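*Asks:* Not my notes, these are from TrEMBL:
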type: TRANSMEM; residues: A:62-81; note: transmembrane segment
type: TRANSMEM; residues: A:93-110; note: transmembrane segment
type: DOMAIN; residues: A:114-406; note: domain 'NADH:quinone oxidoreductase/Mrp antiporter transmembrane'
type: TRANSMEM; residues: A:146-170; note: transmembrane segment
type: TRANSMEM; residues: A:190-214; note: transmembrane segment
type: TRANSMEM; residues: A:226-245; note: transmembrane segment
type: TRANSMEM; residues: A:257-279; note: transmembrane segment
type: TRANSMEM; residues: A:286-307; note: transmembrane segment
type: TRANSMEM; residues: A:313-335; note: transmembrane segment
type: TRANSMEM; residues: A:360-383; note: transmembrane segment
type: TRANSMEM; residues: A:395-415; note: transmembrane segment
type: TRANSMEM; residues: A:436-458; note: transmembrane segment
Amino acid sequence: MYPIILLSFLGIVVLFLGFAKSKAILLPATLLFLAVALVGNFVEWNQGTIIYFYNMLAVNNLTLAFNGIVLVSAFMIVAMTRGFQDDDEAQPAEYYAIMLFSLVGAFMMIGFENLIMLFLGLEILSVAMYVLTGSDKRNLRSNEAALKYFLMGAFATGILLFGIALLYGATGSFTLTGIQAYIGQGNPSYLLYGGLLLVLIGMLFKVSAAPFHFWTPDVYEGAPTIFTAFMATIVKTAGFAALFRLLSHSFTGIYDYWWITLAVITVLTLLVGNIIAVYQDSFKRMLAYSSISHAGYLLIALTAMTPQTENSILFYSMAYSVATICAFGVLIPLAREKAMTGKPRETYEAFNGLARNNPLLAFVLTVSMLSLAGIPLTAGFWGKFFVFGSAAERGIIWLLVVAILMSAVGIYYYFRVIMAAYMKEGDTAEIRVAPFYKIVLVTATIITLLFGIAPGLFTGLV
Amino acid sequence: MQEPSIPDIIQLIPLKSYLILSTALFVIGILGVLIRRNAIVIFMSVELMLNSVNLLLIAFSSYKSDPSAQVFVFFIMAVAAAEVAVGLAIIVMIYRNTRTIDIGFLNKLKG
């Protein structure tokens, strides 16, 4: 609960810091504020479940751990935003403030106890993302991405709200416990099923699961890369935390009804994400489809809904977020240095000869691709291991078979980048990276390898 | 003679009728989003969807004599206003660059 109050206040402070003549203070100030929020987050660690604001928000170790993942991801992404200072058009104070405010929305989604908070958190996060997506105002691609994201997001919100209204009509309550108690009475009304279906569709839109994924590649490609990284990690982590909370706290009573729906969506998401990713020429667009496929893996854990699900979603979100930040972090300096016609080069060719040019970036890229592909000794392997384990425990073998086949497909397109970086000859223009930027990338790589070798370090924490 | 209260007036019409009306409005909104080509009209359709939800919540709230849904309606209206502000800003930004708001012109991003 403290990070919500802290970041709401500190976000306003960042806005006022924008009046200062020198913009140089903004980045360290924002990083400091995020660190303060991270400390504030763990004040309530190991104190059991605490309920705040008249049953609106709950705090326990699981929500704190999700908050921690979101905050650390945000810290890394903000630390990579030095480019704002070179750009005269950029409004760094506003960008940083909006990023901090959007995190407040993420925390509300992670710990919601009442559907009002789910809706508010989702909207705070989404509206902030619409603005950030369109932040490159003169760039038509960014404009197009912002409009698509906005229209699709508002549409999804409408569907979610209609679902919430139907749930309220059936149960007479917006609280998770109220809905659970209503289902416990047995013989639920048809309004409940319709409401649950619409709420699921609304949420799956936001986490970009197929067949509600069609906005994702365009939006990810058009948005400025740094905000794409923000979208791919924080929105996805918060979305899955919220979906898990909703399903596990309220709807376990009618598991037989929704698991098959979710299983079909999972299979579709895995197929669409992985197979279309193979045919992409743009690295950024491939990462968009890869994020769809990772939504599919996370959905497997939700479909199985065993007692281990919460830990596997937590671990998977962590592994996916860190690896994705690395991947986008390598792309940003590369696309900037190799921009020839004003349009950033984001195709696979941009990576040609990277290993000779800048071995550190090539190594970071390799580890992050291995982690996304789920190769052993990286955190991504254990993420997939835990997720597949929960499906095996529930005995949904056909889902498991599809998932394993699709992760084999995934290896092809992740290795294409590594091949381009190591095997192919490229132009020898030197790629310069700021020391601070290097520290972030190396830290993220170390996290990936550390939890890949000793996953118990992370799972033992929660 | 005492004035009838607003929940009593709302309850003159059966709940099912409210459900059908707001579902119809909601479906019109969805069709508008899917069919129309003008960004402003799509936007209006989204607003129609949100307002059908408001209507439904008020009807349920009156029938259940429970005020929490009415509070929810205020939140929806406030958030919708914030969304309009951002959405119109995005549409104005696009109009300045392309001199059109037809979504058919949005084809710069392709696989």
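Any Cβ shown, glycine's included, is placed from N, Cα and C.
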*Asks:* Cβ under 8 Å, sequence separation of at least 6 from the ends of the transmembrane segment (A:62-81): give me the contacting residues as numbers and ranges.
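*Replies:* For the transmembrane segment (A:62-81), the sequence-distant neighbours (Cβ-Cβ under 8 Å, at least 6 residues beyond its ends) are 3, 27, 30-31, 34-35, 37-38, 41-42, 44-45, 92, 95-96, 99, 103, 106-107, 110-111, 226, 229-230, 233-234, 237-238, 241, 310, 314, 317-318, 321-322, 325, 329, 332, 436-437, 440, 443-444, 461-462.
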*Asks:* Give the nonlocal contacts of the transmembrane segment (A:395-415) in its own chain as ranges (CB under 8 Å, at least six residues past its ends).
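*Replies:* Long-range Cβ neighbours of the transmembrane segment (A:395-415): 263, 266-267, 270-271, 273-275, 277-278, 280, 286, 290, 293, 296-297, 300, 303-304, 369-370, 372-375, 384, 387-388.
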*Asks:* Which listed stretch (A:190-214, A:226-245, A:313-335, A:360-383) has the most C-beta pairs under 8 A with the transmembrane segment (A:257-279)?
*Replies:* A:190-214
*Asks:* Is it the case that the transmembrane segment (A:93-110) and the transmembrane segment (A:226-245) have 3 or more CB pairs under 8 Å, with pairs at least 6 apart in sequence?
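*Replies:* Answer yes, regions in contact.
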*Asks:* By a Cβ-Cβ criterion of under 8 Å, what residues six or more beyond either terminus of the transmembrane segment (A:360-383) are in contact with it?
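*Replies:* Residues packing against the transmembrane segment (A:360-383) from afar: 290, 294, 297, 312, 315-316, 318-320, 322-324, 326-327, 329-330, 333-334, 351, 354, 407, 410-411, 414-415, 417-418, 421-422, 431, 433, 438, 441-442, 444-445, 447-453, 455, 458.
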*Asks:* Is the count of Cβ pairs under 8 Å between the transmembrane segment (A:190-214) and the transmembrane segment (A:313-335), pairs 6 or more apart in sequence, 3 or more?
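*Replies:* No, the transmembrane segment (A:190-214) does not contact the transmembrane segment (A:313-335).
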